[in-house]
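Residues or ranges marked as compositional bias 'Acidic residues' by Swiss-Prot: 470-484. Feature annotation from Swiss-Prot assigns disulfide bond to 48-90, 76-108, 113-156, 138-168, 171-215, 201-228, 234-280, 265-293; the stated evidence is sequence analysis. The annotation domain 'Sushi 1' is assigned in Swiss-Prot to 46-110 on the grounds of sequence analysis. Taken from Swiss-Prot, the feature domain 'Sushi 3' applies to 169-230. Here Swiss-Prot flags 95, 125, 183 as N-linked glycosylation site. Marked as region 'Disordered' by Swiss-Prot: 374-484. What Swiss-Prot lists as signal peptide is 1-35, and the listing cites sequence analysis. Swiss-Prot lists 311-331 with the feature transmembrane segment.
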């Protein structure tokens, strides 16, 4: 129950004016209002965390709490330099929390460079000031290597670090193939020059490649590492029916890498394929093909057709050759037969001459076609002495021949020999023939009866047909009639 003051300004029972009590009563009785504001922070949220002290450094203030806008300053002891901000401020962020700005924590670094640790090397000096160069010596068999090959120097920096810090290297530790081991510890990153590595394989494996490797002066190995292969890398080779196989190298107790197997067949059988070898390569037989033996008399499909085709070709070739030979033989026989019919062997030599015509055993010389149509001609037989023959040829060149039925030439001149003379008329034919015949003392000459018969025959012919040219009655034997 509230007590109100009177008009005289009396106080209430609480010792306050009555109007104040009325205002307080109104505030307590009115409904609450909606107000937007920052959340109320706790005590821990109203201060920044302690930034701490840098090693070999000092902080100001060294104690106390850091409220908003508080400042902390840092410095380093002698011989050390500050790295980072020299002061930081406690700042409120957008989310209402407090924190240091800048947030990087400063540190104090030694102004001298500490000697670095380099494996397989000895560092000469223990204290290095900024700008000093590092002096080291590598162990025997190792060589110094710099990251920057152009500088070839390591310098102490102002922050106490080393620039272009070198290393001492040898040959890098070689790889260990599977199923093998070597005489180098696994903890060694590199080995000195001249080191020899000995590789060995576990039981059941065979070494393929060099057994020893040496580290060369140029920091590379003398050869590539070997590998260990399974001694029985390949399974049993496939068997074939009616055959067997043999190994190279012999005997076939293990089928290691590189083993060659040669197949063969039992007597009476042969391999169907020409290739009969397989090789063990990395645990597999190569080439992978099916081999089998077949009987020798077995013929493959198409073999009979090819055989018939071969016989056909051979038969056709033989028939063609025989026909050609038969034609050649027939032509030769026909040619010989024609020659034998034209000039039999028992005929005198005079009949074989195409310019001689034998009439009742008398050889009569025949003129050529040009001589027959040009004039009269009379020539002694071929068995006259050479002198008479030359005179007859001389007479033939000077005077054209005359035949019965034609007027004798006015320019005919008797030959010097007297053996051959021109026949100007039919009445002189007998005398001309008598002059042409050789004497009875000449071998092979004709007797008087034969001469008389020849003269009589020619006179009868001339008297019967005085106007007929002898060249028209006597057939000319041309060169074309020799061939059949």
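A Cβ is built for glycine as well, from the same backbone N, Cα and C atoms used for every other residue.
Here the structure is a predicted model, which means the values were calculated and not measured.
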Completion exercise
Under a three-state DSSP reduction, the secondary structure at residue 234 (disulfide bond) is coil
Exercise for the section: Have a look at the recorded positions 48, 76, 125, 171, 234 and say which one has the shortest Cα distance to residue 293 (disulfide bond). Expected result: 234
Exercise for the section: For the domain 'Sushi 1' (46-110), jot down how many residues DSSP puts in helix, in strand and in coil. Expected result: 1 helix, 32 strand, 32 coil
Practice task
Work through the recorded positions one by one (76, 168, 183) and name whichever has its CA nearest to the CA of residue 95 (N-linked glycosylation site).
Solution key: 76
Fill in the blank from the handout: residue 183 (N-linked glycosylation site) falls, by three-state DSSP, under coil
Fill in the blank from the handout: Note: in the chain of residue 76 (disulfide bond), residues six or more apart in sequence with C-beta under 8 angstroms of its C-beta are 54, 56, 57, 58, 82, 108
Fill in the blank from the handout: In the domain 'Sushi 3' (169-230), averaged pLDDT is 89
Exercise for the section: Consider the recorded positions 138, 183, 215, 265, 280 and say which one has the Cα lying nearest the Cα of residue 48 (disulfide bond). Expected result: 138
Practice task
Work out the three-state DSSP category of residue 125 (N-linked glycosylation site).
Solution key: coil
Handout entry: Rounded Cα-Cα span from residue 156 (disulfide bond) to residue 201 (disulfide bond), Å
Key = 49
